[in-house]
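Report on the structure given below.
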């Protein structure tokens, strides 16, 4: 016998999903429209408008793919890459590795430019490869590496890539709505993201944006896109003026995305970025005051996702289990080569607030103490609050 | 300035999405769990249990892909087919055509067995092709053709396919939860479906089920699955005991699916099928009493989706627009070669009720009369109600 749905209450401060804004949750109880209803097509238009504002672009093709962030990644590769194409992928974490896997399945010849996990991809290393190979079609990097908490600078890299006539593609799953994405200003040709991080909507959609240049590359393909489901030439015709049926859009998810984007636009993008910076840095100050070491140096550290090294003699899984049981607080463990070595603490979207900073620091302090890790009592909260007072 | 989300109220009696059960809508406002939270993994287990019951199978790999029904279609083809494989696809409507497109993009050699739009695929035609080609890997047909309202008989076909050692694959997007799918009894090797038809959940997930035999074929592939996002070898490890992270599951959508399946299991599968048959046939009786002609002969007609020919001199689009404006009632138009020739009326899941039969017949009667189509007043409702009285 299967019981009533009654999940325990959690506070989601891992690498995502993050807590969904209550107004977004409510929007999902809205009855459906048909996917070709004129009223729904209007809602799609509005969603695209909002998405352009939040992505900071005027790209016409700025829409939500019907899958999670990884489907967004696959969308860009299957549409932009043909078998035999040479691509450069920056790999300094799990999501760079994933791009390599996806690109190889598209038949690409992949050249990896590596960075240490916890560091950025060095633009000069990318330029070196571009100089050695004259026929690189695209260069892809992760803007906000969810596995490490690194923020990749984009502007210089974008200039280098374009000087060599390649397309510049960015994973913005964890950056959108948390830090500036500046698609047009930086000249990013294509980007994908997710809804479950700084947008504070549930996972299930992958907002993508493509520049006219990227669309031209895609339009001039010799081979068919290997995925029917992710073929942008058809999906554009559904989201565009033609309104040609492709697949049934996930209507409720689009309601939730529209609501989430509207909350961001109403608050003001700059205010939203400031809020992430303020509380993210307050968390950093608090963790450091506890004597913990942050993985990423300050210059390249994300506000919305913080990787902190697990102190010696502290058991990763036990601490996280205890936080979940005692405090209902979810934080993330490490992935890949950082498994067991770091925790990942998110302050994304709706969760980038005083309440979450205070609660997380207090809970972590208590559980670490239970596990025998000692430091000055109350120092973490004091440091975080001081930072907020001085910078808000 | 983008306004508050406030869509007009519709009654969705097209080919899907259909109206979501109110309890399912409510379930979507439930706060999120993390996608690796033990409580969420339990919810995934329960969802698989329920899905097995509704699919009528004991297949271990019975899970929901993170995309709409078409992603389910693509999942089966990318996992089961390798470049150069020969497959037979039954084409008697749009969704058979779509399977051909998807299979070709996987590099399959596709042999189409055609049926008229509005008729079934004749098993003997499939057998003929199987006798001519000794190396067919799989045969795929659409169980409930959403573009025509045809119900494909599966048992005889399944026996033929297995006699020739091929896999039998079925599109069950519109059949699941509406008519018996009997995966194990019929020996269907793999099937996919959607959530937005007879399950009365929103679109966004694609429940799939694969037999051990199908999984073995997939496990013995020589080439990598061309889609990372839909690669079942990895997705199985997330839904299975390993719980290995692949992509972030669309948590809210899974809440909604679990709730929707539970409503069906609580009502009892046989009762649900009876309800679809009762009200579907009542609608048929009503439409025929209005003098309208149904596209599909009684033997192969679906209960949950009815294709009715548009009377001569009646404008397709105008009538549907008027139904939407005056009655908030959505019915579907024809697709492909049936565009402008039929309407498609769904009575799926929660909508397979007296209320919807009565309302739709009354609304259609009124709007047809407005457009100059004449018949005996009240005959439709009388015929439908008589059928219900005599068969409930």
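Just so you know, the numbers here start at 1 and follow the chain as drawn.
Just so you know, glycine gets a Cβ as well, placed from its N, Cα and C.
Feature annotations, reproduced from TrEMBL:
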DOMAIN    A:35-335  domain 'Aminotransferase class V'
MOD_RES   A:197  N6-(pyridoxal phosphate)lysine
BINDING   A:344  substrate binding site
C-alpha spacing of residue A:344 (substrate binding site) relative to the residue listed as 'N6-(pyridoxal phosphate)lysine', in angstrom: 13
Three-state secondary structure, the residue listed as 'N6-(pyridoxal phosphate)lysine' (per DSSP): coil
Overall pLDDT of the domain 'Aminotransferase class V' (A:35-335), taken as the mean: 98
